Amino acid sequence: MFSLRGISTRIASKRSLFTIRPHLVLRGYATSQDVSTLLLVEHKDKSIASSTLNAFTAASKLGNNITALVAGEDPEHVALEVSKINIVSKVLVAKDKVYEHGLAEVYAPLLTSAQKQLKFTHLVASHSAFGKNIMPRVAALLDVAQVSDVSDIVSPDTFIRPIYAGNAIAKVKSKDPIKVLTIRGTAFPPVPVGEQTGVSPEAAPESEKPALTEWVSEELQKSDRPELGAATKVVSGGRALKSRENFDKLIFSLADSIGAAVGGSRAAVDSGYCDNAIQVGQTGKVVAPEFYLAIGISGAIQHIAGMKDSKVIAAINSDPDAPIFQISDYGLVADLFTAVPELTEKLKK
C-alpha cells in the first residue's frame, strides 16, 4: 500500500522533456535495529559480475556492516576475491551444486534463512537478470515490499528509483523492518577490489533446497567483443537496418572498428535482426557507456530508458524529427546504408 504525497513537475535538460517527483511511502513497520546488509554476489567463470561491484558501492551508503554471500558449486575463488574488498565485513559461502546456475527456487530460501538467523536489515542484489529473478521471491517469503532498480540511497529507509521508463523519479520510504533492494548498476561506480585478502570466508547458514526446478542446459554465444553491460563504447542498431544480414554487416563491423559492444533496440530484436541478449531498453539491458551510437533507432521511450545515462550519445537516422535526436549530443541525418560503411572505412584507417 502506498500514498502519493505530492508531485512537482519541471522542465529538464535535453535528455528528458520533464521530470515528475512523487513521494511514495510504503506502509509497514518501523525498526530501530542498526543497519546490517547482506549482499548477494553474482559471479560467472570465477569472476565477480561488474554489476555486483556497483551494488557494493550502493550498499556502502547504507552503513559499514556489509556481509557478502557467495554461492555456487565451487565458490571459494570468488569468495576470496570478495574478501579483498575493503568495505566487506564478512563473507558467507554456500557450497552446493544446486547453486551453480542461479535458480531462484534454491537461492531465495538461502537468503531468507541467512536473514532470519543473522538478523540482516537490508538484503541487496544488482538489478540484473540474476537479481531480478531472485529478490522478488525473497521479498515474498519475508512478506515485505521490494524496492527495485534503486538509483540512489538517501538514508537506510529512503531510496530513489526511476519509474515510467525513467520519465519520473520516485523517492520511496519503506517502513518494512527488512528492506529488499535491487540496485541499478549504472547509477553507482564499481567498488575497487584490493590486492590483500581481508576477512576469512565462513559457511553460510543451512537452508532448504527445494527440488522444484531442475537445470537442464544452456546455449551460450561466445564473443571477443566487450560485455554489453560493462562496455565503455556501445554501437546499437534498430529496425531501419531491415534485415539480420544488414545488422551483422553494418553494426558489427562498425563496432569492431572501435572496440565497442553491440546492442539492439527492441524493434530490431522483435524483427529477428539480433538476439534478445543484446537488447538495450526498459525490458532489456540498461547501459551507461562513455559513448553510445544509435543507428537506425527512432528513440522510443522504451529504448531511451536503457541508454539515456550514457556520457556522450550520437545518432544516425534519416528522419530529422526522430526523437533520438532530442537526447543526442551529436546527430547525423543521413541514409545509414551510405553513412555507416563510409564511417567504418574511415575509422579502420
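Quick reminder: no glycine exception, Cβ is built from N, Cα and C everywhere.
Just so you know, TrEMBL annotations never went through curation; they're auto-generated.
Annotation source TrEMBL lists domain 'Electron transfer flavoprotein alpha/beta-subunit N-terminal' at 37-219.
Annotation source TrEMBL lists FAD binding site at Arg239, 265-266, 279-283, 296-303, Asn317.
Within the set of binding-site residues (Gln279, Gln282), the lowest number of other Cβ atoms found within 10 Å of a Cβ is recorded at Gln282. Working note on the binding-site residues Ile297, Ala300: by count of other C-beta atoms within 10 Å of each C-beta, Ile297 ranks first. Just so you know, of the binding-site residues Arg239, His303, the Cβ with the fewest other Cβ atoms around it within 10 Å is the one at Arg239.
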